[in-house]
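Just below is one structure, and these are the notes that go with it.
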Amino acid sequence: MRKLIAGNWKMNGLASSLEEIETLKGLTGGAACDIVVCPPFTLIEKAAQQARGSHIAIGAQDCHTKTSGAFTSDISAAMLCEAGARFVILGHSERRAVYHETNMIVARKATAAQEAGLASIICVGETRAERDEGIALDVVRRQLRGSLPIAAASANTAIAYEPVWAIGTGLVPTIDQIDEVHRSLRQILEQELGQEGRLVRILYGGSVKSSNASSIFDVPDVNGALVGGASLKASDFAEIISAAA
Ligand SMILES: O=C[C@H](O)COP(=O)(O)O
């Protein structure tokens, strides 16, 4: 399966950061994997113009469940699409925790994204306390089941397993732990989507760096990565991409 490597810039980046996309284009031409950069909303249109005609796609970090309406400050999937986005990250733990996004809201956002023509990267992941309690698999399985859009398919949906305790901490689960969770998520995808569930890409996210990327990508059901901090600098991100390719 062709790997998907997505960079989540989170709330980082001004217009000057677009140089990183230019550099990334040069460093990753011909890479045998799909590459997505998700800058903040304010940079999507410019980033999409810059990436036009290249192998890099642009994504967003969230969208609303509705197409339009009185939702001050929110942005719809159709708006993102018009601005040039092709992907959207949904249900990131930083949003689930702070904005109380439930699985149902994530599923509705993913359905809205799908209707607008965007592919979703749906995040799931347990907290440290949930892992210590021995319920990590139950948590991520429940999140996945509840967060899938109507008519989920490999063309419009990818999943990112991001243990909350591994995000931005430098801590990474063991290879066996990643393997166990990804196999379990694959099972759920097959139960929910049948044959199509085998083709949905499952990314790993949480402190991915060039030094650990290869061993993570060697896990059979790891089909890519969702990278935060290490995606901000083109040279660091390109090393991760080259480990995947
Ligand atoms: O969306 C990306 C993840 O939250 C991972 O962030 P990180 O690579 O900085 O740990």
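Any Cβ shown, glycine's included, is placed from N, Cα and C.
TrEMBL lists N8, W9, K10, S207, G228, G229 as binding substrate, and of G30, G53, G69, G168 the one it places in that same site is G168. Restricting the binding-site residues W9, S207, G228 to those with a CA within 10 Å of the CA of H92 (active site, electrophile) leaves an empty set. Under a cutoff of 8 A between CB atoms, and with a sequence separation of 6+ in the same chain, the neighbours of N8 (substrate binding site) are C38, Q61, I89, H92, G205, L226, V227, G228, S231. Filtering W9, K10, G168, S207, G228 by Cβ distance to ligand 1 (under 6 A) retains the following binding-site residues: G168, S207, G228.
Overall, the recorded substrate-binding residues N8, W9, K10, G168, S207, G228, G229 cover a maximum inter-Cα distance of 14 Å. Taking only the Cα positions, the spacing between G229 (substrate binding site) and E162 (active site, proton acceptor) is 14 angstrom. E162 (active site, proton acceptor) is 11 Å away from G168 (substrate binding site) when you measure Cα to Cα.
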